[in-house]
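The next block holds one structure in the form of structure tokens; read it before the comments.
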Amino acid sequence: MITMQDIIREGHPTLAKVATEVSVPLSKDDVKLMNNMLQFIINSQSPEIAKKYQLRESVGLAAPQLNLDKRIIAVHTEDEKGKLYSIALANPKIVSYSEEMTYLPTGEGCLSIDREVEGFVPRHRRVTIQGYNVKGQLVKFRVRDYVAVVFQHEIDHLNGHLFTDRINKEQPLAPIANAQPLEF
Ligand SMILES: CC(C)(C)[C@H](NC(=O)Nc1cc(F)cc(F)c1)C(=O)N(CC(=O)NO)CC1CCCC1
Ligand SMILES: [Zn+2]
């Protein structure tokens, strides 16, 4: 099972690299990895398992965080209406996005960053995601607000970007143009 020890931390060169697409149809190993990544997130949201294995309660994970040069992400989180998004995707792409922006008023964190970094992270308010699911089907769906933030955060990892790269260095808490802060 994946635990925190498997997650590389900021400063590791892999986190700054552009990850390589995985071959389709998906190999058995890639499908296993996708399921293991999703299971890590689900485990981290179980108080008993998270406590036993000291897992940070997470909502998303990208393969480069496991030092794997693969364009694979997993997300397990609910949207504001309580709709569950539980999916692992290979070769995910943002195929379209809104001009309107959003951001978490509390800022973001990252499983690969063991410190608080203050500042607003500009994200598109709505994004259309496309990718291959564990069945090898090409799926396309639109997400907004918090779920959109999670997917953008994870896809950023595939392109060597950390949320800290997106914070306004001079004024971390400056209002973000054309953005509505996410209401929790
Ligand atoms: C870095 C960490 C704090 C572990 C963060 N967890 C998180 O946001 N948990 C959470 C949020 C809720 F709104 C409700 C709840 F029940 C639990 C997270 O998993 N990530 C994923 C990550 O680091 N992927 O690489 C960071 C998030 C910041 C914005 C999107 C993902
Ligand atoms: Zn992260």
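Glycine is no exception: its Cβ is also placed from the backbone N, Cα and C atoms.
Curation plays no part in TrEMBL annotations; they are all automatic predictions.
Taken straight from TrEMBL:
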type     : residues               : note
ACT_SITE : Glu154                 : active site
BINDING  : Cys110, His153, His157 : Fe cation binding site
For the Fe cation site (Cys110, His153, His157), what does the 8 A shell look like? I mean other same-chain residues with CB within 8 A of the CB centroid.
Gly60, Ala62, Gln65, Glu108, Leu111, Ser112, Glu154, Asp156, His161, Leu162, Phe163
Are there any residues in the same chain, six or more apart in sequence, whose C-beta is under 8 angstroms from the C-beta of Glu154 (active site), and if so which?
Gly60, Leu61, Ala62, Ile73, Ala74, Val75, Pro92
Which residues in the same chain, at least 6 apart in sequence, have a Cβ under 8 Å from the Cβ of His153 (Fe cation binding site)?
Gly60, Glu108, Cys110, Val121, Arg123, Phe163
Same chain, 6+ residues apart, C-beta under 8 Å of the C-beta of His157 (Fe cation binding site), given in sequence order:
Leu15, Ala19, Ala62, Pro64, Gln65, Ile73, Ser112
